[in-house]
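**Student:** Provided herewith is a single structure, encoded as structure tokens, for subsequent inquiry.
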Amino acid sequence: MSRLIIVFIVVTMICSATALPSKKIIDEDEEDEKRSADVAGAVIDGASLSFDILKTVLEALGNVKRKIAVGVDNESGKTWTALNTYFRSGTSDIVLPHKVPHGKALLYNGQKDRGPVATGAVGVLAYLMSDGNTLAVLFSVPYDYNWYSNWWNVRIYKGKRRADQRMYEELYYNLSPFRGDNGWHTRNLGYGLKSRGFMNSSGHAILEIHVSKA
């Protein structure tokens, strides 16, 4: 009987020792997921939006050749409600933040399609503002920099309009987009609003936009 008790104790100790590292790994994985959720897809104080925050969003995507972190600060005096994101190229695992009140900023990301495919991260996100008009943001991070460059744009459309291929073409080709040239650019958006934005020229891109009263 005593031998059986000793064997039982030894087996219990071994099982406990192997279970602890597994639990630690699971806890670390859960913590990583929480950190990602706290950044990409989050709504933060507009005053805290910075390059450092956007770099954290990029880092959460891991080792991806073409990726982008997007931050849009709402100082418009209006509440924004998410409509959709249209991807011309690439994808995102993040759901567009649903409500962005005045004084807050939304965080979002995009990346190339998974696998050995030559795609960039190119798309448009659309928000319905509380005045009934639509805020649209274009981001374009190409795969081939021999032929293309980073581009971005921000515009307001009259009425409610979802992002789609047509909106992408308008913002990319026709409505004076800004090159991602590591500099700040400003624009009068109409409807009593203006924008100030920055995009770098890297394949690991950050796009920071502030929309405020004109």
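Even glycines carry a Cβ here, placed using N, Cα and C.
Taken from Swiss-Prot, the feature region 'Plays an important role in the hemolytic activity' applies to 38-47. Residues annotated as region 'N-terminal region' in Swiss-Prot: 46-65. If you look up Swiss-Prot, you'll see SER89, VAL122, SER140, PRO142, TYR168, TYR172, TYR173 marked as phosphocholine binding site. Annotation source Swiss-Prot lists region 'Trp-rich region, which is important for the binding to lipid membrane' at 140-155. The site 'Important in the initial contact with the lipid membrane' feature in Swiss-Prot is assigned to TRP147, TYR148. Residues or ranges marked as site 'Interacts with the lipid membrane' by Swiss-Prot: ARG179, SER195.
Buried or exposed, and what's around them? Tell me for each listed feature.
**Tutor:** Taking Cβ pairs closer than 8 Å, the region 'Plays an important role in the hemolytic activity' (38-47) reaches residues 53, 56-57, 60-61, 69, 73-75, 94-97, 99-101, 103-109, 210 in its own chain, all 6 or more past its ends.
In the three-state DSSP reading, SER140 (phosphocholine binding site) counts as strand. Less than 8 angstroms from the CB of SER140 (phosphocholine binding site) sit ARG88, GLY120, ALA121, VAL122, TYR148, ASN150, TRP151, TRP152, TYR172, PRO177, each of them six or more residues away in the same chain.
Within the chain carrying the region 'Trp-rich region, which is important for the binding to lipid membrane' (140-155), a Cβ under 8 angstroms from the stretch's Cβ atoms is held by residues 65-68, 88-90, 110, 112, 118-122, 171-172, 175-181, 187, 189, 195, 197, 199-203, 205, 207, 209, 211, all 6 or more beyond its ends.
The number of other CB atoms found within 10 A of the CB of TRP147 (site 'Important in the initial contact with the lipid membrane'), across every protein chain shown, is 7.
The number of other CB atoms found within 10 A of the CB of TYR148 (site 'Important in the initial contact with the lipid membrane'), across every protein chain shown, is 13.
Within its own chain, ARG179 (site 'Interacts with the lipid membrane') has SER149, ASN150, TRP151, MET199 as residues 6 or more apart in sequence whose C-beta sits under 8 angstroms from its own.
In this structure, SER195 (site 'Interacts with the lipid membrane') is part of a beta strand by DSSP. Cβ contacts within 10 Å of SER195 (site 'Interacts with the lipid membrane'), excluding its own Cβ and spanning all protein chains shown: 24.
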**Student:** Among TYR172, TYR173, all listed as binding-site residues, which has the most CB atoms within 10 Å of its CB?
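**Tutor:** Result for the most crowded candidate: TYR172.
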**Student:** Using Cβ-Cβ distances, find the residues under 8 Å from PRO142 (phosphocholine binding site) that belong to the same chain and are at least 6 apart in sequence, listing them in sequence order.
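**Tutor:** Listed in sequence order: ARG66, GLY120, VAL122, TYR148, SER149, ASN150.
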**Student:** List the Cα distance (Å, whole number) between SER89 (phosphocholine binding site) and SER195 (site 'Interacts with the lipid membrane').
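**Tutor:** So the alpha carbons of SER89 (phosphocholine binding site) and SER195 (site 'Interacts with the lipid membrane') sit roughly 25 Å from each other.
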**Student:** Other residues with Cβ within 8 Å of the Cβ centroid of SER89, VAL122, SER140, PRO142, TYR168, TYR172, TYR173 at the phosphocholine site?
**Tutor:** ARG88, GLY120, GLY123, LEU138, TRP151
**Student:** Counting Cβ atoms within 10 Å of each candidate's own Cβ, which of the binding-site residues SER89, VAL122, TYR168 comes out highest?
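**Tutor:** The most densely surrounded of these binding-site residues is VAL122.
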**Student:** How many Å lie between the Cα of SER195 (site 'Interacts with the lipid membrane') and the Cα of TYR168 (phosphocholine binding site)?
**Tutor:** 19
